[in-house]
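Notes follow once the structure below has been shown.
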């Protein structure tokens, strides 16, 4: 019998400790062979550079987090080398425990009231013209953290009025009305919320989330702010079918979503959901054609695409290549 996992405030639970708390258990098949990465998923990571170290030190100095590091994003070196990062607010401990995600679970600490200003000053110091702000889920907060998002938006606009702001939000489950009231007064330049996967996969991949709820959040934001582009991201390789993904794309368009990111799921550790298949670049290209045919203004589709991958280019409608030359 495994020992109980203690939930101390501010303590990060990862890997096996995190997965032990998931209500819907998935048991890896010991006889199932672990899929090897195909050639198109093999890239040579660049050595650490001054830009990478500068961004990391800037984040540490200002006590800020990036989802690039906390979620073990495979594009970290590329993005940091280009001087970009996706900031993660409200701490680095999530109240959810999705088995595809490498962000730590636990009991988060209270919000840092100085974080919005520290974030804004950091963005000004870095001279960023386009920023993506995301967060952990904060089910412990009355509004799910919506006001903290708004405070960050206000501070960034005060210190860097020319900087465009994209927010990648949680679902505000059970707190949608409070969140919408906040965003009514303080909308971002782009509103992003990820569906992540097909509805059939939700019980295993997104415990605590609801597919229709997420679609409704996107619809309500678009209804409230028709001129604010809405965006969503989906992973492939969890066991879904291409037909299910096409239906997800149709659902997104029916709920007014303008922009799409579609990428390959990668297993963060042996404790996480396994990769069921690696989707070839040609299939991503085909799904991009489907997405554009459905009326998305922009669709970034490819193995290495993530929600905020070259988000500035996506927002401009420029082409984003989602796979890399070896």
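Glycine is treated like the rest: Cβ placed from N, Cα and C.
Here is what Swiss-Prot records for this protein:
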{"type": "BINDING", "residues": "68, 73, 79, 308", "note": "[4Fe-4S] cluster 1 binding site"}
{"type": "BINDING", "residues": "94, 98, 101", "note": "[4Fe-4S] cluster 2 binding site"}
{"type": "DOMAIN", "residues": "80-297", "note": "domain 'Radical SAM core'"}
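Here the candidates are the binding-site residues 73, 79, 308, and by Cα distance the one nearest residue 94 ([4Fe-4S] cluster 2 binding site) turns out to be 73. Ranked by Cβ neighbours within 10 A across all protein chains shown, the binding-site residues 73, 79, 94, 98, 101 are led by 94. Other C-beta atoms found within 10 angstroms of the C-beta of residue 308 ([4Fe-4S] cluster 1 binding site) number 28, with every protein chain shown included. Residue 73 ([4Fe-4S] cluster 1 binding site) falls within neither a helix nor a strand when secondary structure is assigned with DSSP, and so counts as coil. Nearest to residue 101 ([4Fe-4S] cluster 2 binding site) in space, judged by Cα atoms and limited to the binding-site residues 73, 79, 308, is 73. Following the DSSP three-state reduction, the secondary structure of residue 98 ([4Fe-4S] cluster 2 binding site) is coil.
On the backbone, the CA of residue 308 ([4Fe-4S] cluster 1 binding site) and the CA of residue 98 ([4Fe-4S] cluster 2 binding site) stand 19 Å apart. Highlighted in sequence order, 96, 97, 100, 102, 103, 105, 136, 137 have their Cβ within 8 Å of the centre of the Cβ atoms of 94, 98, 101, the residues recorded for [4Fe-4S] cluster 2, and are not part of that set. Note: the Cα of residue 98 ([4Fe-4S] cluster 2 binding site) and the Cα of residue 73 ([4Fe-4S] cluster 1 binding site) are spaced 16 Å from each other.
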